[in-house]
Ligand SMILES: [Fe+2]
Ligand SMILES: [Fe+2]
């Protein structure tokens, strides 16, 4: 009879736990789009190159773990239902990125960061807090984060060896998607964050990138 779904706090908690496990357990993210790497030829990479690229892809993978957590945290505390839906939709799209990065890391003979649960927890808290302040802050946070991700992706695209077409194809598609996410968040009413806030966010990102490159 009821056409609208109402979730109790316990339901919501279980849904959150499910989302966290789907993000953190190996091979559990189901992409809706095939990886752009599939149609690219495999390249001959020496061990040092493969290790470096795996480090870069590990950073990007953890970035996607953070994106999942951020969106889940925001969706939990978003006030307007349409904002909540937009967050959940964006989180679905990031699952593609998450799965593509993981596939590439494994192809390169490496594994995702062991620090992922820690970064998931931190990002979830930040997302939930932003959502509690206001939907505009929450959406602004998405826009600022995506801007930063695009900068990282540009840097990584420059660092990739010319011959690694597979990783390049993944990062280029991600870059296009993240740019769109930033645009959508601002169009939905997201605040444009001032430079000092963005600077603080970039310092936090530095901690993440320098640790997950290695482990
Ligand atoms: Fe992403
Ligand atoms: Fe994104």
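The backbone N, Cα and C atoms fix where each Cβ goes, and this holds for glycine too.
For 64, 94, 97, 178, the entry in TrEMBL reads Fe cation 1 binding site. Per TrEMBL, the feature Fe cation 2 binding site maps to 94, 146, 178, 181.
Sequence features, as recorded in TrEMBL, placed on the structure.
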| residue | record | Cβ within 10 Å |
| --- | --- | --- |
| 64 | Fe cation 1 binding site | 24 |
| 94 | Fe cation 1 binding site | 23 |
| 97 | Fe cation 1 binding site | 26 |
| 146 | Fe cation 2 binding site | 22 |
| 178 | Fe cation 1 binding site | 23 |
| 181 | Fe cation 2 binding site | 23 |
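Comparing C-alpha positions, residue 181 (Fe cation 2 binding site) sits nearest to 94 among the binding-site residues 64, 94, 97.
Among the binding-site residues listed (64, 97, 181), 181 have a CB atom closer than 6 Å to some atom of ligand 2, in sequence order.
For ligand 1, the nearby binding-site residues are 94; that is, of 94, 146, 181, these have a C-beta under 6 Å from one of its atoms.
Secondary structure at residue 94 (Fe cation 1 binding site), taken from DSSP and collapsed to helix, strand or coil, is helix. Note: the CA-CA distance between residue 94 (Fe cation 1 binding site) and residue 146 (Fe cation 2 binding site) rounds to 11 Å.
The two recorded residues, residue 146 (Fe cation 2 binding site) and residue 64 (Fe cation 1 binding site), show a Cα separation of 11 Å. Annotation note: residue 181 (Fe cation 2 binding site) sits in a helical segment as assigned by DSSP.
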